[in-house]
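Q: Quick one: structure below, then a few questions.
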Amino acid sequence: LPLLLEATLLRLGSGSHHPFYNGFYYNHIMNDKGDGQEKVDYINGARLIVETPKDPVYSSNGANVTLPCHYRYEPDMEAKHKIRIKWSKLRDDYTKEQDVLVAIGKTSVAFGDFQGRAHLRQAGRREASLVVSDVRLQDDGKYRCEVIDGLEDESDVVDLRLQGIVFPYQPPRGQYRLNFHEAERVCQEQGAILATFNQLFQAWSEGLDWCNAGWLADGTVQYPIHVPRKPCGGVHLAPGIRSYGPRHRHLHRFDAFCFTSALRGEVFYLDHPAGMTLEEAKQSCQDMGAEIARVGQLYSAWKFLGLDRCNAGWLADGSVRYPIAKPRANCGPAEPGVRSFGFPSKGRFGVFCYKER
């Protein structure tokens, strides 16, 4: 038995399987248990420490952002091997979602959607900060900075949050008509993505109250309630996020909660004395060198640019809406918001256009 055990250990130690390869080898050793709690390694009396900000780093769509990361040794010493740095994007449960970048010395490789947008900033000694240019809505989330010195492997996590807005969406066909994949698509068509739970929670903390259940990015179905009432889970439940939990992504149908961020352009309103049909509205925007605005663009202009217009206008999905930043008589409810006339099959209205800067 000892000989068999020794042979097994030798076979395991000999590397009978290759490590992950993407241009060069690196150790895929994680020090955490999946709960975000890091452990510290002491090897030969030295302690490798990786540090990132404890507070979230905020950015917006189209901006450039730096995710700070530094490492050091206690007591101070020089690295025993060529340092390898790995950045990964994580799910909310701290499991890996995708590789972002791997670097050895001055050589680095970015992966997937981060190709051409991600690189290391190593301006200072023992710096491993990640720079992401042209930030996209999908970039929101947690990132792990991992530093590898031979067999020593330490990491820490930084949270990138996009300043944005969550809005509920249902298609022209009516309430609860979208499976998960259709919900993903309609959000993208409106210049947005499916919201995460953290984004929905932030929207709820800012006052979002919506009694229709909608898909989130993790495949769960939830809705935010500030004023408990009978149709929304009952009057005796406390305010909060109501959850239906995970649902079948093909069979079950709900609305969607979409997330969008700040605009790279502007939304403006066009009118005509006699109003316009939807097709005339689209053409009017094109005549101005613009395009008819999407729902997400209207919400973003209302949230971040204070767009306030008490005139209804067409949007790209065939809905008619108008944004109110300063509530007043004859402009709907007493709270700010984006008002909706639904999806009229006929009628003549103004139009909201969007133009890139």
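Using N, Cα and C of the backbone, Cβ positions are placed for all residues, glycine too.
Okay, these came from TrEMBL:
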type	residues	note
DOMAIN	47-158	domain 'Ig-like'
DOMAIN	165-260	domain 'Link'
DISULFID	Cys211-Cys232	disulfide bond
DOMAIN	266-355	domain 'Link'
DISULFID	Cys310-Cys331	disulfide bond
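Could you place these features in context, so I can see how deep they sit and what lies close by?
A: For the domain 'Ig-like' (47-158), the DSSP counts in helix, strand and coil order read 6 helix, 61 strand, 45 coil.
Per-class residue totals from DSSP over the domain 'Link' (165-260), listed helix then strand then coil: 22 helix, 30 strand, 44 coil.
With a 10 A radius on its CB, Cys232 (disulfide bond) counts 19 other CB atoms from all the protein chains.
For the domain 'Link' (266-355), the predicted model reports an average pLDDT of 97.
Long-range Cβ contacts of Cys310 (disulfide bond) within its own chain (separation 6+, distance under 8 Å): Tyr322, Ile324, Arg328, Asn330, Cys331.
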